[in-house]
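J.: What TrEMBL records for A:Y130, A:Q191, A:N214 is NAD(+) binding site. Taken from TrEMBL, the feature substrate binding site applies to A:S237, A:Q259, A:H262, A:H328, A:D361, A:E415, A:H420. TrEMBL lists A:Q259, A:H262, A:D361, A:H420 with the feature Zn(2+) binding site. Here TrEMBL flags A:E327, A:H328 as active site, proton acceptor.
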2 protein chains.
Amino acid sequence: MKFLDIRDNSFEDAFAAILARSEETGRDVEQIVVDIIAEVRSRGDAAVLDYTRRFDRLEADSVHSLEVTEVEFNEAFARVADEDIAALKLAVERVARFHQKQKQETWLSTDEPDIMLGQMVTPLQRVGIYVPGGKASYPSSVIMNAVPAKVAGVGEVIMVAPTPGGEINPHVLVAARLSGVDRVFRIGGAQAVAALAYGTATIPKVAKITGPGNIYVATAKKLVFGQVGIDMIAGPSEILVINDGSGNPAHIAADLLSQAEHDELASSILITTDRAFGERVAEEVELQLGQLSRESIARKSWETYGAVIVSGSLPEAIDFSNRIAPEHLELAVTDPFAILPQIRNAGAIFLGHFTPEAAGDYLAGPNHTLPTGGTARFFSPLSLDDFVKKSSIVYFSEGGLNRLGRSIVHIAQLEGLEAHAKSVSKRLK
Amino acid sequence: MKFLDIRDNSFEDAFAAILARSEETGRDVEQIVVDIIAEVRSRGDAAVLDYTRRFDRLEADSVHSLEVTEVEFNEAFARVADEDIAALKLAVERVARFHQKQKQETWLSTDEPDIMLGQMVTPLQRVGIYVPGGKASYPSSVIMNAVPAKVAGVGEVIMVAPTPGGEINPHVLVAARLSGVDRVFRIGGAQAVAALAYGTATIPKVAKITGPGNIYVATAKKLVFGQVGIDMIAGPSEILVINDGSGNPAHIAADLLSQAEHDELASSILITTDRAFGERVAEEVELQLGQLSRESIARKSWETYGAVIVSGSLPEAIDFSNRIAPEHLELAVTDPFAILPQIRNAGAIFLGHFTPEAAGDYLAGPNHTLPTGGTARFFSPLSLDDFVKKSSIVYFSEGGLNRLGRSIVHIAQLEGLEAHAKSVSKRLK
């Protein structure tokens with residue numbers, strides 16, 4: 001952990017080391033993924049089976065046999081405690097309610113008597129959701145991807161999840177069913193992404209693929225972008241807490257650690273106007289680290305990418321935040337709403353002393369898929385927008401075309417596009 | 001041109017040849033672009049100057065000297081006819097008015113007394129707009145990219161345009177000024193994309209890059225995606241006209257040719273329920289082709305990627321359209337609004353017999369940057385959405401956290417994320 005003062009001359013250099021944590025995709029990873037995609041495109045199901053055998057140690061006669069059956073769903077529900085099902089149901093309900101508020105309506109303008117213009121909103125017809133296998137197989141991840149798709153009106157949601165050795169997390173299956181996922185296939189890796197993007201005899205081709213994954217999955221998503229839509233390319237997670245000396249240092253330490261336990265590459269930063277408060281938080285982090293089951297991950301993250309920064313003022317802390325565009329931003333200050341409109345770049349903003357970031361991870365309602373690594377400068381949280389697309393609507397009556405036609409012809413001609421001009425002039429009186 | 005009947009057994013095979021027109025990026029192009037990006041990242045302005053010398057035959061001492069000056073803007077206005085300026089102004093006004101209607105507001109829910117959730121909409125702080133050089137340097141392209149950015153509230157719009165030999169199209173400069181572009185640099189190619197994505201001493205780093213370009217530009221945009229945002233990756237243009245036998249064959253022929261004149265790879269397709277009407281359109285296309293200045297391009301496009309398709313019914317034609325997801329879709333039928341809600345996938349929809357696609361290219365109002373090659377299944381037209389991003393807002397009062405905290409802790413525990421659970425439980429009463 002670095003204890004820094006933003007006003008020091010050495011600050012920029014010291015902080016640069018914390019920012020430099022994104023993994024660049026090696027050209028070797030890319031070549032492997034290029035080959036996998038080419039194989040799946042040309043050999044379809046057979047290639048998917050080969051890679052599943054090789055990477056997931058899972059033998060299957062057909063991709064069809066890798067689809068999760070109704071019996072398996074029922075078994076999963078039987079294995080999961082009622083209390084767990086209730087908590088997941090609450091999450092599904094709250095996430096659905098929030099995303100319903102993101103709905104955009106089709107509109108048509110009628111302010112000109114002879115021309116109508118508009119925008120039609122339609123759901124994607126079929127989407128694929130990637131769910132990582134093994135320990136990173138989280139039911140919350142299923143909910144955060146599937147629920148917005150279903151609320152948007154997507155016709156069919158296909159989930160893929162690798163099951164190394166055949167084992168599938170029952171909570172993930174329960175979450176899939178509660179979220180309205182239509183079909184689940186036990187496949188993963190770049191081969192699953194390729195199958196969804198291009199379709200095989202068994203896996204239907206989708207319009208968009210969302211969801212987190214390892215470097216092979218992320219690379220495959222980047223490579224099929226354009227063939228299908230993808231969600232943002234997420235990197236390691238991060239949190240920034242802005243503090244004014246108010247609040248409980250133990251709470252803020254716990255929030256920093258909730259980020260650090262995710263991943264050794266995760267980054268947890270506190271920026272506070274109160275040096276003494278910052279010191280107490282740092283002490284609390286050390287105390288709480290020793291009590292965590294994931295201590296070694298959290299400690300590595302905190303030591304390498306953790307920081308407590310002292311700033312001269314709240315505006316200075318806010319400027320810093322806007323510059324790094326954090327994925328998660330906590331406004332742990334006395335009056336968080338007063339500074340909300342000064343925040344320009346952030347994935348999700350958690351206001352006040354009783355809104356730990358973890359609340360947003362599960363069931364507050366907003367999506368937990370957020371832009372990382374400074375990409376909140378241009379990316380948005382996963383939302384209903386990701387599962388719809390728009391079409392422009394243009395209607396000219398004969399009168400409308402006569403009113404504007406000469407100007408259209410004029411611009412077409414100055415661009416040297418004669419056939420464009422003629423398509424209008426032929427219709428003019 | 002192929003004259004096909006959708007009900008023939010051979011239809012799918014015959015039509016597949018028309019769809020197969022997208023250029024895959026060669027690995028050699030990609031390697032060249034990877035190298036250019038690496039050079040610009042490490043050597044900044046010096047690399048930009050080297051490539052500009054090499055590719056644009058333009059010598060300059062500094063990137064600063066490649067910025068268009070106020071004097072040059074004034075010269076451009078002096079060289080452009082008043083009538084042209086008036087037409088471009090009309091386009092800017094109408095495009096601005098349409099895009100204002102796409103504005104989304106920040107919202108905050110107050111339906112729970114102890115929890116507030118919301119979504120904050122903020123403009124991107126700085127964007128880059130790529131404008132191709134030479135003959136493809138169109139003022140309408142400047143308007144369609146810059147106006148939505150400015151309407152969205154983007155702080156600074158940086159335009160780049162290669163000027164082979166130093167010549168810049170005065171209409172493009174006029175359009176840039178009328179659209180509110182802040183700065184214009186005479187640079188292009190992959191080097192301009194890299195400079196905007198990473199910043200150099202002179203070119204400011206942007207949050208997003210939009211605008212059309214050649215294969216090097218498109219490849220560079222794809223490679224910097226994630227470092228910055230980009231708009232969709234556009235391929236060759238296309239139009240589909242759905243017809244029910246009503247209307248004037250000469251008008252529809254002109255519309256098909258307005259697409260064909262763009263590019264030898266452009267595709268123009270008519271699907272009609274009336275075989276005789278289709279035959280008349282095909283004859284008209286032949287007649288009108290001979291009268292075009294861009295005849296050779298339009299003829300090549302029409303011969304290779306043009307088609308007249310006869311369908312058994314209007315619903316069959318609509319199904320076909322939804323399957324290919326055309327960039328431009330004309331509903332050249334008697335009652336176009338009656339079938340509008342059946343359209344699922346299209347970039348822009350032009351309704352009725354007096355709405356030639358060219359109307360949408362310049363000044364109807366909607367954007368002319370549209371998803372091509374079937375990507376309207378998941379991409380939307382360029383819009384205000386491209387120039388803003390969203391942040392989720394989460395506020396829990398102490399009462400709110402006490403109400404939901406146990407469920408949050410429950411899910412965190414079942415996912416094995418203990419520090420997440422503790423960040424909540426420490427705050428509970």
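Cβ atoms here come from the backbone N, Cα and C positions, even for glycine.
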J.: Of A:Q191, A:N214, A:S237, A:Q259, the binding-site residues given in the record, which has the fewest other CB atoms within 10 A of its CB?
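T.: If we count Cβ atoms within 10 Å for the binding-site residues A:Q191, A:N214, A:S237, A:Q259, the smallest count is at A:N214.
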J.: Hey, what's the Cβ neighbour count for A:H262 (substrate binding site) at 10 Å?
T.: 22
J.: Report, in whole Å, the straight Cα-to-Cα distance of A:H262 (substrate binding site) from A:N214 (NAD(+) binding site).
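T.: Between the Cα atoms of A:N214 (NAD(+) binding site) and A:H262 (substrate binding site), the distance comes to 14 Å.
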J.: Which whole number of Å gives the largest C-alpha distance between any two of A:Y130, A:Q191, A:N214, the residues noted as binding NAD(+)?
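T.: It comes out at 13 Å between the most distant Cα atoms.
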J.: Is any of the recorded positions A:E327, A:D361, A:E415, A:H420 near chain B, in the sense of a CB under 8 A from one of its CBs, and if so which?
T.: A:D361, A:E415, A:H420
J.: Residues other than A:Y130, A:Q191, A:N214 within 8 Å, Cβ to Cβ centroid, of the NAD(+) site?
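T.: For the NAD(+) site the neighbour list reads A:P132, A:V160, A:P162, A:G188, A:G189, A:A190, A:A192, A:V193, A:G213, A:Y216, A:V217, A:A220.
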J.: With every protein chain in view, what's the tally of Cβ atoms within 10 Å of the Cβ of A:D361 (substrate binding site), excluding that atom itself?
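T.: Other Cβ atoms within 10 Å of A:D361 (substrate binding site): 29.
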J.: Please name which of the recorded positions listed here, A:Y130, A:Q191, A:E327, is nearest in space to A:D361 (substrate binding site), Cα against Cα.
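T.: Sorting the recorded positions by distance from A:D361 (substrate binding site), the top entry is A:E327.
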J.: Nearest of the binding-site residues to A:E327 (active site, proton acceptor) by CA-CA distance, picking from A:Y130, A:S237, A:E415, A:H420?
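T.: For A:E327 (active site, proton acceptor), the spatially nearest of the binding-site residues is A:S237.
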J.: How long is the line from the C-alpha of A:Q259 (substrate binding site) to the C-alpha of A:Q191 (NAD(+) binding site), rounded to the nearest angstrom?
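T.: Rounded to the nearest whole number, the Cα-Cα distance is 30 Å.
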J.: Which residues in the same chain, at least 6 apart in sequence, have a Cβ under 8 Å from the Cβ of A:H328 (substrate binding site)?
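T.: Sequence-distant Cβ neighbours: A:S237, A:E238, A:I239, A:L240, A:Q259, A:A346, A:G347, A:A348, A:F350, A:E357, A:G360, A:L370.
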J.: Just checking, which of A:E327, A:E415 (recorded positions) has the fewest C-beta atoms within 10 Å of its C-beta?
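T.: Among the recorded positions A:E327, A:E415, the lowest count of other Cβ atoms within 10 Å belongs to A:E415.
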J.: Work out how many Å separate A:H420 (substrate binding site) and A:Q191 (NAD(+) binding site) at their Cα atoms, rounded off.
T.: 44
J.: Calculate the distance in Å between the alpha carbons (Cα) of A:H262 (substrate binding site) and A:Q191 (NAD(+) binding site), and round it to a whole number.
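T.: Pair distance, Cα basis, whole Å: 26 Å.
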J.: Most Cβ neighbours within 10 Å: which of the binding-site residues A:Y130, A:H420 is it?
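T.: Going through A:Y130, A:H420 one by one, the largest Cβ count within 10 Å is at A:H420.
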J.: Rounded to the nearest angstrom, how far is the Cα of A:E415 (substrate binding site) from the Cα of A:Q191 (NAD(+) binding site)?
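T.: Distance between the two Cα atoms comes out at 46 Å.
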